[in-house]
Every structure is written in C-alpha cells, then in structure tokens.
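Reviewing the structure listed below.
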Amino acid sequence: MSVPDTSAVKAFLLDLQQRICEGLEQLDGKGTFEADSWKREEGGGGTSRVLTNGKVFEQAGVNFSHVTGAAMPASATANRSELEGRSFEAMGVSLVIHPKNPFLPTTHANVRFFIAKKEGADPVWWFGGGFDLTPYYPFEEDVIEWHQNAHDLCQPFGESVYPKYKKWCDEYFFLPHRNETRGVGGLFFDDLNQDGFEKSFEFMQAVGNGFLTSYAPIVERRKDTEYGEKEREFQLYRRGRYVEFNLVYDRGTLFGLQTGGRTESILMSMPPLVRWQYAYTPEENSAEALLYTDFLKPKDWLNLDE
C-alpha cells in the first residue's frame, strides 16, 4: 500500500478552506469571513473562519483543524481495537452553512484524514468525508441536481461508488428518535484506504472540490425568494433537528469533544437561532407537510434502481 503524504493532504485542505470561503463571500455579496486561529495543548491546532449576519448567510463556518495526540480517543477505538495504544494525527476541513432564507437549504461538508502510528508497525490510515443537504422548503429540482452532481463526481471512481456512499449518507444522517433523515442526503464515506493512498486522496479531493459547485447553483436560484414569518418559524423549528443530531449522534462532534478539541470550533455547526415546539404537527397538504411525507426518508432521487 502506498505511503501516505500527510503534507500534501494538509496543503490541499488549507487551499480548499480558502477557496470555499472566497466562493461563499461572492455568493453572499456582503459578509466576510473572520479568521480565528487556535492551538491545542496536546498537539496541533487549526483555523476557524466564520461569516455572520451576511446578506444571504445567517452564519457560515469553515473550519480547518490538524491535531495530534499520544493515544486514540474512545470514539475512534470503540470498534477498532488495533488502534489502541497508537499515536494519531487527524486533519480536515468541516463546514456548515445556515442561510437566512428558509427556502435556501442548510448544508454541511467535511473531508478528513486520519493516521495512527505505532513503533515497529505499519501506520493505519484512512480518509473520510462527504456532503449533505438539509432543506426546509425543498424543491425537487434542487435535490435531483444535488444528487446528480454527487453521482457525477463519483463516476470516475466506479459505478458502485455513488450508490454505496449515498446509502451510507442516508443511514448516517438519520435521527432514530424522530424516525426521519436529517435532510435529503448526498455522500458519506469513511475508512477509505483499500485502493491505496493516491487513489483514496483523489476521491477525497473530488468530494471537497465538488461541494461548492453543487451548492452554489441552489443558492443563486433560491436566495431572493420572498418569505414571511410562518416560513421563518418553521425554519427555526427544523433547525432543532440539526442540533439534536449533532449533539447526540455525530461522530465528529464526539471525537472532537473526547480529544480535547476546541469547543468553539466543534460547536461552530450549531445554528445561531433555533426553536422547539411541543408536539408540532404540520398542516395537512401544506408545504411543511410535504417535507415530512416526500423528503425526510431515503429516496432514489436519480431513478437508478429502475
């Protein structure tokens, strides 16, 4: 298996963070990202870049982190006993975008690299990541385009790649206590190393580079759609699902908290405003009801199974 080039991965991730921030600033037209660099006592650090109160984006956070440690945390070794007793290095770019307009979906993307070392043994390494979309008032054309872009970037790596990682995304971003998906999915992959370093790195780069080209057209199409208090209230209510998932189920959040990561950066994904409502039920045949009946469940958006 080819030897991992951690410096090349880090260089790509830093460049990706810069390009995504520049692209989001262009889409917003008003807001700018403030950079906040930090160091981790146990080793490593990163830079959090946050845009708040923009014209289009209520809050957008794009975080780069590169942390090292003497021992893998419990969240990483729970199902992988071979990692116990190894030092680790983890780096990645993670982002969450919360738009102002309820007709614009929230989105999340992440690309990451882990390597665990032990004297006298080969390193254990893998790539992970993906991107997903969380609409409040979904438009089928947006969802289909989102999945078509995900499908197309996977094609050079094999016919089975998109269906596999699309299914994994549906399964991962699922809230069992609500019996619904967090959104309409996209791609999710982890433990990627079986094709060697170069090929695995190429795929991670394709996912990272494919995020903004998939999200930008949706932003341009929906950012000026008129909305009222009813739509805003529903958006804030649905944002609650984002909070529930991230604090209860998300492995990245748990990993960050268990490794002494920077809390502000880890919780950067939280929406700036959110509301809960007891026993909420959408009005029958409403746009809000359509989200529940037609979108918050796994679906073959590209009709590949026909």
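Here the Cβ of each residue, glycine as well, is placed from N, Cα and C on the backbone.
Per Swiss-Prot, the feature active site, proton donor maps to His108. The C-beta environment of His108 (active site, proton donor), restricted to residues of the same chain at least 6 apart in sequence and closer than 8 Å, consists of Ser94, Leu95, Val96, Ile97, Phe131, Asp132, Thr134, Ser269.
The Cβ of Arg112 (substrate binding site) has 22 neighbouring Cβ atoms from other residues within 10 Å, across all protein chains displayed. Residues or ranges marked as substrate binding site by Swiss-Prot on the basis of sequence analysis: Ser94, Asn110, Val111, Arg112, Gly260, Gly261, Arg262.
Long-range C-beta contacts of His147 (divalent metal cation binding site), restricted to its own chain and to partners at least six residues apart, with a cutoff below 8 Å, comprise Lys166, Val184, Gly185, Gly186, Trp301, Leu302. What Swiss-Prot records for His98, His108, His147, His177 is divalent metal cation binding site, and it gives sequence analysis as the kind of evidence.
Averaged over the region 'Important for dimerization' (242-277), the predicted model has a pLDDT of 88. Among the features that Swiss-Prot reports, region 'Important for dimerization' is placed at 242-277.
Proximity of His177 (divalent metal cation binding site) to non-local residues of its own chain (separation of 6 or more, Cβ distance below 8 Å) is seen for Glu244, Val248, given in sequence order. Per Swiss-Prot, the feature site 'Important for dimerization' maps to His177; the stated evidence is sequence analysis.
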Counts of helix, strand and coil residues, the region 'Important for dimerization' (242-277), according to DSSP:
22 helix, 0 strand, 14 coil
Of His98, Arg262, which of the binding-site residues has the most Cβ neighbours inside 10 Å?
His98
For the binding-site residues Ser94, Asn110, which one has its C-beta crowded by the most other C-beta atoms within 10 angstroms?
Ser94
Distance from His98 (divalent metal cation binding site) back to Arg262 (substrate binding site), taken between C-alpha atoms, in Å:
21
